[in-house]
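Taken straight from TrEMBL:
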REGION    220-243  region 'Disordered'
TRANSMEM  6-28  transmembrane segment
TRANSMEM  40-60  transmembrane segment
TRANSMEM  72-93  transmembrane segment
TRANSMEM  100-121  transmembrane segment
TRANSMEM  133-154  transmembrane segment
TRANSMEM  161-183  transmembrane segment
TRANSMEM  189-210  transmembrane segment
C-alpha cells in the first residue's frame, strides 16, 4: 500500500512540475513573435536546465533506487529547457548570445563532470550522496528564485508581478515531491521540495493579503520584472519550477 501511495504522489508531482516547466511559453511566444529577447534574461533557463539534468541523473535506478519518476519529469524538463535556451540564443543580441552560449557550455561541462565522477569513481551510497547533494543545491537555488518577487510584493503591496496560478503550482509541485521524498525516506528529494513548498505557501498567503491590489500588467510583464529583479538567477517562473 505504501508503494502505491508513493507512486501516486509521484504522478501528481510530475503533473504539477510539467505545468511549471511550460509556464514560460508565454514569454517565448513573445520572443519569437518579436524576433527579439528584449530585456529578458536567458540565465534562469540555462540554470534550470542544469537543475533538471542533475535531478534526472540522481533519479536513475543505478544512482538512487525507487526514484524513476524523478528522472522522467526532470528528463522532460531538460528537453523543454533546452528548447527555451536554443530559442533564446537564436534571437538574442550578439553580446547576450555569447554569454548564454558560454553558460550553456559550462552547464553541460558541469553535468558531464558529475556523471563521469559518479560513474567512474563512486559506487553505492557514495554515488547517491554525491549526486544527491549536487541535485539538492541546484533545486534549492531554483525554488529560491521567487524570493525577489516576494520582496517586491511586500514592498509594493501589489500582486501584479506574482501570478496566482504560478504560485499555486510552485506550492503543489513542492508539496507533492516533499511528500514523495518523505514516503521514500529520501532527504535529497524531501529537503529541497519542502523548501519549495514553504515558499509557495508564502506566495499564496501574500496573494490572499494583497489580491485586490493588482496592476494592469500581464504574464509578460511578470517575466520582465522578474528578470530585472534577478538577472543572476535561473528559474521557471517560479515557472521554472524543478524538482
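Keep in mind that glycine also has a Cβ here, set from the backbone N, Cα and C atoms.
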Determine which residues of the chain contact the transmembrane segment (189-210) at the Cβ level, with the cut-off under 8 Å and only residues 6 or more beyond its ends counted.
67, 70, 135-136, 139-140, 142-144, 146-147, 149-150, 153-154, 157-159, 162, 164, 167-168, 170-178, 180-182, 238, 241, 243
Best-contacting stretch, by C-beta pairs under 8 Å, relative to the transmembrane segment (40-60) and drawn from 6-28, 72-93, 100-121, 133-154, 161-183:
72-93
So which residues does the transmembrane segment (72-93) touch in its own chain, when a touch means Cβ under 8 Å and the partner is 6 or more beyond its ends?
13-14, 17-18, 21-22, 24, 28, 31-32, 35-37, 40, 42, 45-46, 48-49, 51-53, 55-56, 59, 100-101, 104, 236, 240, 242-243
